[in-house]
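**Q** Let me give you the structure first, and then I'll get to my questions.
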Amino acid sequence: MTIMRKTHPLLKIINHSFIDLPAPSNISSWWNFGSLLGICLMIQILTGLFLAMHYTSDTATAFSSVTHICRDVNYGWLIRYLHANGASMFFICMFIHVGRGIYYGSYMLSETWNIGIILLLTTMATAFVGYVLPWGQMSFWGATVITNLLSAIPYIGTSLVEWIWGGFSVDKATLTRFFAFHFILPFIITAFVLVHLLFLHETGSNNPSGLNSNSDKIPFHPYYTIKDLLGVIFLLMVLMILVLFFPDVLGDPDNYTPANPLNTPAHIKPEWYFLFAYAILRSIPNKLGGVLALVLSILILATFPLLKSSKQHGLMYRPITQTLYWVFISNLLILTWIGGQPVEYPFTTIGQIASISYFTIIVILMPIANMIENNILKLYY
């Protein structure tokens, strides 16, 4: 008798995606992060759903409703901190996932890569509107500063900002619509994830060697389900250590003060996962130029398939580009650090150098390194 999972219309889809899926036999633990992102998304949707049951999206009661969740709701503190720190874990996994894609040349699966960029942008939008909801000082001023950047768009900028605010400042209408966006966006992300997987399963996964692995495939289950399970256990362990021992280490103390439009915090800054882009934004003195650099800092990922001219796939056997890659990662960490520092010397200068380096490495140095490596290959082969 034929196994039900292979014949049932619904189970058949799950079977082809997670059980009998042919996967390369040599993919390393760097390929675990896709499944970890799926787990993070499920944690965020579930904890978010329970938080939404008790949260009120009104400027008068938003802050106190979050306090009520932490103090009066059974395990409300746990749900709230799981949600807040779950977002940080989500971004850590996402940055590693993108970094692995760049290192091993996964961007050559262009449809999957481009949907991934859309997913990254959508997740960043979701996290931004979510950060506004507790209605603390940093929530309010973060929302004011970031949405106000749209006023840099010529001609329609000011009208666009007022349209998003629902008035002449960040107020009740803004909070209500941000809550609506924050609720719906994770489901849009889930839909994009399915499209991401659809495109991935059309071509099959990349692998560390960068060679075609069609001649050497193994079933996803049990091999990679067990391997992924180890990653999931490790992820949950780190998340629970964060939640139970250091719940506020990644947050901002200013957000424990209710929003006050009459009092500006000393240093307005977003959550840590946006600091690299924020540093790039601040390093350009012109407002419109800063906004363009901010957007390009993410959209530049789309240029990777276009700028690749190397004969080899991935950076495994390309020492020059490999060195540039790690310089790029170090540069990202410097930008993240600078984004959290006040706007004064020497931080502004370091930020400007790091911002120029960020774009130079991708657009100029990596393509040059590709050409050099190709010429070295020609000499020996």
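Any Cβ shown, glycine's included, is placed from N, Cα and C.
Feature table excerpt (Swiss-Prot):
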type	residues	note
BINDING	His83, His182	heme b b562 binding site
BINDING	His97, His196	heme b b566 binding site
BINDING	His201	ubiquinone binding site
TRANSMEM	33-53	transmembrane segment
TRANSMEM	77-98	transmembrane segment
TRANSMEM	113-133	transmembrane segment
TRANSMEM	178-198	transmembrane segment
TRANSMEM	226-246	transmembrane segment
TRANSMEM	288-308	transmembrane segment
TRANSMEM	320-340	transmembrane segment
TRANSMEM	347-367	transmembrane segment
**Q** Between the Cα atoms of His182 (heme b b562 binding site) and the residue listed as 'ubiquinone binding site', what distance do you get, rounded to the nearest Å?
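**A** Answer for this pair: 29 Å between alpha carbons.
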**Q** Can you check which residues sit near His97 (heme b b566 binding site), meaning Cβ under 8 Å from its Cβ, same chain, 6 or more apart in sequence, and list them in order?
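**A** Sequence-distant Cβ neighbours: Phe33, Gly34, Leu37, Gly116.
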**Q** Answer with yes or no whether the transmembrane segment (288-308) touches the transmembrane segment (347-367) by the criterion of at least three Cβ pairs under 8 A, sequence separation 6 or more.
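**A** By the criterion, they touch.
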**Q** Quick one: do the transmembrane segment (33-53) and the transmembrane segment (320-340) have at least 3 Cβ pairs under 8 Å, skipping pairs fewer than 6 apart in sequence?
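**A** These two segments do not touch.
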**Q** Which has the fewest other CB atoms in a 10 Å radius around its CB: His83, His182, His196, His201, the listed binding-site residues?
**A** His201
**Q** Considering only Cβ pairs within less than 8 angstroms, which of the stretches 77-98, 178-198, 288-308, 320-340 has the most against the transmembrane segment (226-246)?
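**A** Looking at each of 77-98, 178-198, 288-308, 320-340 in turn, the most contacts to the transmembrane segment (226-246) are made by 77-98.
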**Q** Apart from its near flanks, which chain residues at least 6 from the ends of the transmembrane segment (178-198) lie with a Cβ under 8 angstroms of it?
**A** 17, 38, 41, 44-45, 48, 52, 55, 57, 112, 115-116, 118-119, 122-123, 125-126, 129-130, 132-133, 143
**Q** Express the distance between the Cα positions of His83 (heme b b562 binding site) and His196 (heme b b566 binding site) as a whole number of Å.
**A** 24
